[in-house]
Amino acid sequence: MVLMDSVVIGGGAWGTAIANLLAFNTQRVTIFCRNTTVIDSINKRHINTKYLPTFPLNKNISATSRMDVLKNAELIFVAVPSQSMRELLQKVKENIKESVQIILCNKGIERESLLLMSEVVHEELPKNDIFVLSGPNFAHEVLSKKPSFSNLAGRNKTSYDKIANALSTETFFTKYITDINGTQILGAFKNVIAIICGLLVRMDAGSNTLSALMSLALEEARSFITIKNGNPDTIMEFCGIGDLVLTCFSNKSRNFRYGYRLVDGYSENALVEGKSTLESLHELARIHNINCVLTNTLYTVTQFNSYGTSSFEQDIKRELNSAFMSLLGCAKNP
């Protein structure tokens, strides 16, 4: 066991799963969050009753809402919604040492600035080493000790080794890559494609259509990676095709479920990362004058006046059909 203190910011399912991994390898693990129910249940019962009520946690995990817990941390993992990232950092940054590695476990793009999460962190904590953890992982499977794989993207191999030693177990594996930007844009983009997959499954589009969508999505992903100066080869990593498949073909994915229920008038204000990410990616494509057909089509669908009405499904079908024809460069059969 490594003699170091680790802090996970965020007491949701993924943050809790990460804390439990760290607890196998590090001396003390603290979850920093605001929810008193989560804090009390972890400290008193060693369980997160709000998000993961059936999974007992390692007993060297504690939880607190006190910011000063960050002062002694050697590793800080951040697992909070992307749109609250900057506000959080501004509140806690005075408690974070410059020598601490920051590991981002969230996926998204800041809506106002169109910055990736690592870019937001760099603005607020310019001296800290930043890593991104991303891969095809559901929290409950990680906690169930099912073999799981992630990329850990960063630009300092020595720091990677330190983080990997703290995080890796017999069933959780990390692979080092240096493409921080590509890793993040793929993590954001796959949420948009998952919404489209949910729509298509709800409309009984079939396996042929869904498989073709994956090919088209990978091409569109290249465009966004280029915008953010990433490496297109990252598409073939766990954080790329691996995460895309997991998120797009499982009804456990919140974004897939959102797309599935969207046809029936599910609230467009639903708290899914794909919703805000969609708006950000649409704006990025517009600014850089790149025709990202899938992203733009889904954005158009969410703006329909027919939203929640009986004609909404037909409007969706028309837009998706038009998008596929456009991507294939062919005209609709008479």
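Residue numbers in this text run from 1 along the chain shown.
From the backbone N, Cα and C atoms, a Cβ is placed for every residue, glycine too.
The model shown is predicted, which means the values in this text are computed figures rather than measured ones.
Per Swiss-Prot, the features are:
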- Lys190: active site, proton acceptor (ACT_SITE)
- Trp14, Arg34, Lys107, Ala139, Arg254, Val272, Glu273: NADPH binding site (BINDING)
- Lys107, Gly135, Lys190, Asp243, Ser253, Arg254, Asn255: sn-glycerol 3-phosphate binding site (BINDING)
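Contacts of Lys190 (active site, proton acceptor) defined by a Cβ separation under 8 A and a same-chain sequence distance of 6+ are given as Asp243, Leu244, Thr247, Cys248, in order along the sequence.
A Cα-Cα distance of 11 Å separates Ala139 (NADPH binding site) from Ser253 (sn-glycerol 3-phosphate binding site).
Fewest other C-beta atoms within 10 angstroms, among the binding-site residues Arg34, Lys107, Arg254, are seen around Arg34. Cβ neighbours of Ser253 (sn-glycerol 3-phosphate binding site) (same chain, under 8 Å, six or more residues apart in sequence): Ala194, Leu246, Thr247.
Note: the CA-CA distance between Lys107 (NADPH binding site) and Asn255 (sn-glycerol 3-phosphate binding site) rounds to 12 Å. All chains included, 25 other C-beta atoms sit within 10 angstroms of the C-beta of Asp243 (sn-glycerol 3-phosphate binding site).
According to DSSP, Ser253 (sn-glycerol 3-phosphate binding site) is assigned to coil rather than to any helix or strand.
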